[in-house]
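To start, the structure under review is shown below, and the notes come after it.
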């Protein structure tokens, strides 16, 4: 396995390069990089990996300098091959961003105006022509720079009691320089996952040299229920005279945000939410089903492997089907260990019958997995799917009709019992469903009320905007009338 430790990149962030060619075990962090940037850190037992291909943050355990548990899952999810070359860039404390630099390529030539580091481009095979090797290196370098520039649109903002009290938060110097936000004084918009925007001021701290935003940071955090001690990922969707930052997904540390800085580490645990992701990640949130006769006969709905892999389904588990009216139908995902396939074993036939879905009809389900809750497959409209797949959408608007409350869903479920199967193998796979506790129902009711209030706030802001536009139009009409009167007087 090739070893290419590098001290710094064009962005002045430490990184190292590893080739997967001919490897027989998990990757090892180069000794030079480990000594310079990681040695001596307390509690160095695991790290975090991110990539442009997924919004997920992957936990990888460390056995000394060698990657251990979690690396195989990361490799499988990103379809890594033995001729890939990976760039590991240290973004924040123990969080590495992984970028592929191409196939069958042994080294990357890095150059900077300051001349921090410069390495030669050599091919693995000694018999190759020098000019061909340089051409390949330049192509791989351009691809690496393009992929790195796309990742520079993202930033992690830590929420602390201090920046809530001051009503401001600072960007990293690298993010500010990469996106031209240094020494600027303008308005900037923060957008949440529902498409609502808050206007803040972008300012520059002359003492620290950092760019920061202030004004409505506390209001944005409270409205979106962001918790102190957490890191949240934002994407720079629009730059220019008025930049726009959109909340992508959140990452919650194991310890407090302010304490992590003192301890010299940021232990981050993974959490999912709806985000901008790659096109493949967005598509794999949706499961499109064309109802066939053999599906009804077998009572099984097979799930494609990419859908299972991208949504973290690793074993048999309960799942809830939610129809277009918000009614929930308990189901169960079973697995075939021999074929390594997953399928829904029961419940979904009753779901189709109740929603009057006929053989030959096509419908789409959206996968939603909350923290510590049973995953759901929600009936999705075509308009919502098109909006999710649009690359420049400002965000997913909230539904106009509020979700049915938990009590209604629970009562409807009692009227729609699951159809039992005569197959003894399926009966063995079934597991008893646990009844919903009062606290779970209270959480659902609370979430329903929050969704209604959020929708009301959004509609209220839209009405206020339309009202201001109408008032401006009336003023223009009055001004035009005055001008017409003056012209008539002159003509008379």
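If you go along the chain as it appears here, the first residue is 1 and each next one adds 1.
Each Cβ is built from the backbone N, Cα and C atoms, and glycine gets one as well.
Note that this is a predicted model, so its numbers are computed, not measured.
What Swiss-Prot records for 12-104 (among others) is DNA-binding region, and it gives sequence analysis as the kind of evidence.
Residues or ranges marked as compositional bias 'Low complexity' in Swiss-Prot: 105-116.
As annotated by Swiss-Prot, region 'Disordered' applies to 105-134 (among others).
Per Swiss-Prot, compositional bias 'Acidic residues' is recorded for 117-131.
Swiss-Prot lists 154-250 (among others) with the feature DNA-binding region. Look at the DNA-binding region (154-250): DSSP puts its residues at 19 helix, 43 strand, 35 coil.
Helix, strand and coil counts from DSSP across the DNA-binding region (286-382) read 20 helix, 41 strand, 36 coil. Summarising the annotation, Swiss-Prot assigns DNA-binding region to 286-382 (among others).
Annotated compositional bias 'Basic and acidic residues' per Swiss-Prot: 385-395, in sequence order.
Per Swiss-Prot, region 'Disordered' is recorded for 385-427 (among others).
Computed over the DNA-binding region (286-382), the whole-number mean pLDDT of the model equals 79.
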